[in-house]
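Everything below concerns the one structure shown next.
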Amino acid sequence: MNKLENPLSHDVAGPAPRHKTTQVMVGDVAVGGGAPIVVQSMTNTDTADVAGTVEQVAALTRAGSELVRITVDREEAAAAVPHIRDALRKRGITTPLIGDFHYIGHKLLADYPACAEALDKYRINPGNVGFKNKRDSQFADIVEIAIKNNKAVRIGANWGSLDQELLTKLMDENAVSAKPRDVRAVTREAMVQSALLSAARAEEIGLAKNKMVLSAKVSAVQDLIAVYQDLASRSDYAIHLGLTEAGMGSKGIVASSAALGILLQQGIGDTIRISLTPEPGGDRSLEVQVAQELLQTMGFRTFVPLVAACPGCGRTTSTTFQELARSIQDFIRVEMPAWKTRYPGVENLNVAVMGCIVNGPGESKHANIGISLPGTGETPAAPVFVDGQKFRTLRGANISGEFKALVIDYIEQRYGAGVAAPVTVTAAE
């Protein structure tokens with residue numbers, strides 16, 4: 001074989017076939033079993049604050065979150081859950097709610113049956129559901145309540161709260177092994193076993209496989225990839241992907257995207273959450289936007305029109321193309337909730353905003369509608385392309401406003417009738 005030949009190359013670009021998993025219904029949202037990969041998020045409000053939690057769930061839903069997890073950590077939070085659900089429904093929001101339980105989940109669900117009924121899924125952490133002789137009984141209590149209420153369960157192992165008895169057992173076995181493994185490898189094995197043993201126990205109690213989702217989260221990218229590859233190879237439970245404690249800003253976005261992107265490309269993952277630490281006063285909805293953009297840029301789903309824009313260089317000393325790209329992108333995000341109903345299919349739109357003649361015309365032709373703004377020293381004219389054909393040339397001080405109007409016209413023509421239709425291209429000016 002030629003050294004430059006890629007043995008994995010293929011004629012059709014795309015991810016590996018999806019890992020076959022058992023479908024789980026969380027409320028009315030299908031997870032796994034070939035269903036579209038689901039975006040979920042988590043609030044950071046005090047769940048006992050009904051009004052504040054309702055506002056944040058509503059904001060996350062508007063951003064596109066299809067499942068929302070809320071902390072249920074004490075009696076006041078458990079008592080608030082049905083009121084949160086009811087307030088959301090009064091607003092017409094039916095996004096399934098997931099209760100996040102640690103330490104005393106068995107007690108809260110038993111003492112507050114309205115909470116158990118209002119939630120659509122319970123998250124159990126096998127590392128802290130109970131300790132020593134209480135672990136099995138407290139785990140069983142939650143599973144039995146889930147069965148009684150016909151609810152789904154996520155068994156979510158996390159290496160920050162890993163079952164220490166299991167980890168110690170595996171470490172001791174490894175210490176006397178003829179071929180001892182690296183400590184991190186043993187820890188990964190403990191993560192996978194924690195999830196799988198708990199799932200097997202839940203099935204013994206009577207919880208059906210189509211009621212269970214598994215996760216095994218770590219904060220190191222390479223370890224996360226290895227853990228989920230192992231978990232997927234050893235089971236067909238629906239899988240929730242997430243890099244725990246990903247961090248703030250670009251670091252969190254890059255780390256999560258790197259880890260989840262590789263796993264998704266390998267066909268692993270049925271629902272994802274991007275666990276970003278928000279900036280002080282920052283928008284919690286950013287994690288939803290990043291999750292959507294990851295899935296869309298990889299070709300798994302379409303949520304909003306894509307805006308392609310060049311990075312800029314010495315040929316583009318003008319900031320016009322940057323301002324226009326930002327303006328178009330922000331405009332699309334704001335309008336999408338209304339557009340989803342008014343313009344079915346608009347999420348498939350591609351817009352290009354380019355800054356000079358080098359790649360501008362070519363990239364614009366690849367988009368549904370694109371503009372190539374003049375670079376430094378170039379003729380002060382901006383050709384607009386529609387579906388690969390030159391449509392018009394914009395000049396003057398209001399190029400940005402005119403192009404935005406053309407984008408709106410394109411959307412109305414192509415998607416306004418409820419069915420995607422060709423756009424009439426008049427002679428280029």
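Heads up, the Cβ atoms here are built off N, Cα and C, so glycines get one too.
The following features are taken from Swiss-Prot:
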type: REGION; residues: 1-21; note: region 'Disordered'
type: BINDING; residues: Cys310, Cys313, Cys356, Glu363; note: [4Fe-4S] cluster binding site
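Mapped onto this structure are the features recorded in Swiss-Prot.
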residue	record	CB count, 10 Å
Cys310	[4Fe-4S] cluster binding site	22
Cys313	[4Fe-4S] cluster binding site	12
Cys356	[4Fe-4S] cluster binding site	23
Glu363	[4Fe-4S] cluster binding site	18
- Note on the structure: Cys356 ([4Fe-4S] cluster binding site) -> DSSP, reduced to three states, gives coil
- Tell me, by DSSP, whether Glu363 ([4Fe-4S] cluster binding site) is helix, strand or coil? helix
